[in-house]
Amino acid sequence: MEDFVRQCFNPMIVELAEKAMKEYGEDLKIETNKFAAICTHLEVCFMYSDFHFINEQGESIIVELDDPNALLKHRFEIIEGRDRTMAWTVVNSICNTTGAEKPKFLPDLYDYKENRFIEIGVTRREVHIYYLEKANKIKSEKTHIHIFSFTGEEMATKADYTLDEESRARIKTRLFTIRQEMASRGLWDSFRQSERGEETIEERFEITGTMRRLADQSLPPNFSCLENFRAYVDGFEPNGYIEGKLSQMSKEVNARIEPFLKTTPRPIRLPDGPPCSQRSKFLLMDALKLSIEDPSHEGEGIPLYDAIKCMRTFFGWKEPYVVKPHEKGINPNYLLSWKQVLAELQDIENEGKIPRTKNMKKTSQLKWALGENMAPEKVDFDDCKDISDLKQYDSDEPKLRSLSSWIQNEFNKACELTDSIWIELDEIGEDVAPIEHIASMRRNYFTAEVSHCRATEYIMKGVYINTALLNASCAAMDDFQLIPMISKCRTKEGRRKTNLYGFIIKGRSHLRNDTDVVNFVSMEFSLTDPRLEPHKWEKYCVLEIGDMLLRSAIGQVSRPMFLYVRTNGTSKIKMKWGMEMRRCLLQSLQQIESMIEAESSVKEKDMTKEFFENKSETWPIGESPKGVEEGSIGKVCRTLLAKSVFNSLYASPQLEGFSAESRKLLLVVQALRDNLEPGTFDLGGLYEAIEECLINDPWVLLNASWFNSFLTHALR
């Protein structure tokens, strides 16, 4: 523990803690847990005070380090960490100048803004128990108490937390990091169990007379005398407290807190049934691109011009035919729809002048595919409320589906590197503050790791398709507009490249509400034979439309080219979020940043450079049946990004529910791993809530399978 403390804390804090222990005649070689506790408390007091100043107008402001304004008056006077004589001198001086009441015990800080002393507490136990002990010891309404715990909880007098949320979050993050570092070295258990309650003068002396009456009068409500209150605090059981509170709520509520042990949790039950099918709005790993390098044609950048130019690069077109029919659809209509697209593109070329947009003829096959005139007629409720058997039409329960291997393959593919660059480094002006320099350095390192990633391609593809579809839905509400599915990238050599994945035909789109649906037919190129995994393509009709010559080790080989066609739909709100998919980059960057922050706070310097440039170090990526998978920092970046992208591509109520409910179980398991002796009630109900979200969604089923792998290895 002593070695850990010297590594983990600033040398100045360690020195102050050594002095304090010497002053109280304690041996830090023996009382190592106390040594760690004093250092932690000192650091929290310093962090509490950091960056907080009072300006000339007497207002509290936050100023980062290295700021020329740091000559402003400090908002907090730090009393903790001074020797006793000096500390009391400071307290007396404050009382004389501010008129504050002199405290009986040495407080930790004085707040010049609120004009009050502050007692800071850091506890390994329940915050409210420690708060009561502190309040009982101080017995002064003038001293403000603020308690932090290692689990992120806090409690303060009258729920007045003094600091802004961000400053308190820094303290909580640091405490959580210390706890994790201790746990990883096997020190946390002993440290947690070594905490003793606040020693008070009352425990050493018999209290009589006036003092006794005052003690009895200053108890919390519902306690008649000091003995009762002492007995309550000594015998306080948080789990029993929760049970009692629940039983007060209702006679029907009867919760018994059961201990949560390694043998308690069972795996999550995944549903049986036929394998799940692909439900993303566009093809992922199976997509094929027709591309042009260094585009410089007339009208370059206009989607229809780009699409026709890309189509001209392929010469292997042939008479299309259905190779994998859609079980419930009219497959000849899908075939006719593709032929219509080819014919209308040919008409454009024959005319010589390419229009900016193309509206398809409203043929019977497109009307069928886009559900034209299929929606039931809407009738005003007032006109039919007197009908006796009026009811909402029955909808079938979704059929249960089982997990299939294709979704894991999709995820693995999303984490891989491609041979193209999908995002540019943002051009940002020079940094003016150290924190900006660190932030842009992190962003640049992260961008370098993910710019070639396939998940980044999916982001740019999703942004383009959703933007184009939303624009067309608003600009051409009654038209069946042809929308090319395009993306732009750069080759490794830096040459620009335009890619065509296929086409979308949009249906009627009078979208008044956010959730109103626009139907569309997607037609996407692929080299994947659908007959290899027919269950994956349940919702598609697949045509063979040509033969493509590919370079291979044995020379050129010819491969059949397929077109994956399906009817689909989306809404304004879904398209709006699809246009925002770049946020996935930000989310995964923030996750990486929190890893860097944890590392930096232990080493007490910014570890960004070492983090990304130490290629020999491996990091945990996730769980698999084999155990904890590890990889380079680049692999971690790409895996986190792919998870974020798949959460966007496969967003659904099932995913929302599973994420929220499984997180509760995850927290309990984490608490067990940290030896926090968690207790639960109605664990069966929690499993039920998790499992009712496992219906047919491939991404949710995969996450549930990963969760089971985590359970297996976490509880060994």
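Backbone N, Cα and C atoms are what each Cβ position is placed from, and that goes for glycine too.
Site annotation for Mn(2+) 1 in Swiss-Prot covers ASP108, GLU119, ILE120, and the matching candidate from HIS41, HIS297, HIS326, HIS437 is HIS41. Within the listed segments 124-139, 412-427, 556-571, 652-667, Swiss-Prot records motif 'Nuclear localization signal 1 (NLS1)' for the stretch 124-139. The Mn(2+) 1 site is defined by HIS41, ASP108, GLU119, ILE120, and by the 8 Å test on Cβ atoms against their centroid, the other residues of the chain that qualify are VAL44, CYS45, GLU80, PRO107, LEU109, ILE118, GLY121, VAL122, HIS146.
Just so you know, the Cβ of GLU119 (Mn(2+) 1 binding site) picks up 22 other Cβ atoms within 10 Å once every protein chain is counted. Taking the Cβ of HIS41 (Mn(2+) 1 binding site) as reference, residues of its chain lying under 8 Å away and at least six apart in sequence are, in sequence order, GLU80, ASP108, ILE120, VAL122. For GLU80 (Mn(2+) 2 binding site), the count of additional Cβ atoms within 10 Å of its Cβ stands at 22 [all protein chains shown].
Residue environment of ASP108 (Mn(2+) 1 binding site) contains 24 other Cβ atoms, counted within 10 Å of its Cβ in all protein chains.
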